[in-house]
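Enquirer: Reproduced below are the annotations present in TrEMBL:
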type     : residues : note
TRANSMEM : 12-40    : transmembrane segment
TRANSMEM : 60-82    : transmembrane segment
TRANSMEM : 162-183  : transmembrane segment
TRANSMEM : 216-235  : transmembrane segment
TRANSMEM : 242-262  : transmembrane segment
TRANSMEM : 268-291  : transmembrane segment
TRANSMEM : 312-337  : transmembrane segment
Amino acid sequence: MIRKISKKHWTLILLSVSLIIVFYFILPISIPLVVAFFTALALNPIVRTMKEKLKFSRELSVIIIFLLFVLLLGVAGTFIVIKAVAQIVNFVEDVPLYFNELNKIYQDWETHFKQYTSNMPPEFVKQVTDSLQDNLSTLTDKAKDIFTIDNIAQIVSKIPQYLISIIVYIIALFLFMMELPLLKNRAFSLMTETTQEKVTFMGKRLSQVMLGFLKAQLFLSLIIFFVSLIGLFIIAPDVAIIMSLIIWIIDLIPIIGSIVILGPWSLFMFLTNDISMGIQLAILAIILLAIRRTVEPKVMGQQIGLSPLITLIAMFLGLKLLGFLGFILGPLIVITYRSAKEAKIINWKIKI
């Protein structure tokens, strides 16, 4: 049986095993380099256009686009960090007030509960009351454990790691942008002319699909972010920016969605007798859910040609295997496979 396996099949098997090892062991610790490579690929069409239209050299085009990209990234990152830190500090300062509100709600509920259960067995009433009191105390203790000086210090202590990753990303991005043509030529030197044509076709197709995927995600995420921001500036202006960012990030995960943030928030407002704010948050959650469910299938189908189900499965499996990076790479791997089939690099025909 083993002898019947051809050299080509052995090559495919070894390549598959190598890819599995790379994706599972090496990729998670190489995130800055991987992101830099894909960013360079995304910026390469702009570099090529500037070189052709303005007659600049590639080196000058790369330097201009790189500086503009880093400047835009720096300005946006600085603005987001400053606003986020300010609103997180305000939120942490208000946490005791929120728990005082919960305690007041619990005390009022306990008073009404005792009135309604005056004819019930005292043991039953005591058991229910003690259970609720224990749950509330546990919730309070956990929240206090989260918002401690030690935890904040741990987050701050990781900043140098993040800075190193950012520096590596920026340096790698510049080098990848400079070296992309050389990397392409070296890869092509290992291929036959037929394989080069297939890979070129696959690369063009993959670039189109990747660009479509990024455009679709950017379009959807911008809609979700701006609708959240506008809604929260009306409902809760003090935490509008930070909560919009949190909703935007959570909404990228199709299995969870923005309802995970807005649902409990709305319920808390109802419990604190702020019915108006609770209704407004619930309406905002419904609007965001409707936008995601109606716009996403159409945009994804038009831009990348993947069904919403395949996109969901790829994102979920990627998220479970590789974390947040896998959430992005999952659909890209499926797109790469489909592009390879279209280019006839992969020609598997399985029938049962």
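Quick reminder: no glycine exception, Cβ is built from N, Cα and C everywhere.
It should be emphasised that the depicted structure is a prediction, and the values quoted were computed from it without experimental measurement.
Looking at the shown structure, can you explain where the listed features end up?
Expert: A Cβ distance under 8 Å defines the sequence-distant neighbours of the transmembrane segment (162-183), meaning residues of its chain 6+ beyond its ends; these are 31-33, 35-37, 39-41, 43-44, 47, 58-59, 62, 65-66, 69-70.
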Enquirer: Near the transmembrane segment (268-291), which residues from the same chain, at least 6 beyond its ends, have a CB less than 8 A from one of its CBs?
Expert: 98, 101-102, 105, 223-224, 227-228, 231-232, 234-236, 247, 251, 257-259, 262
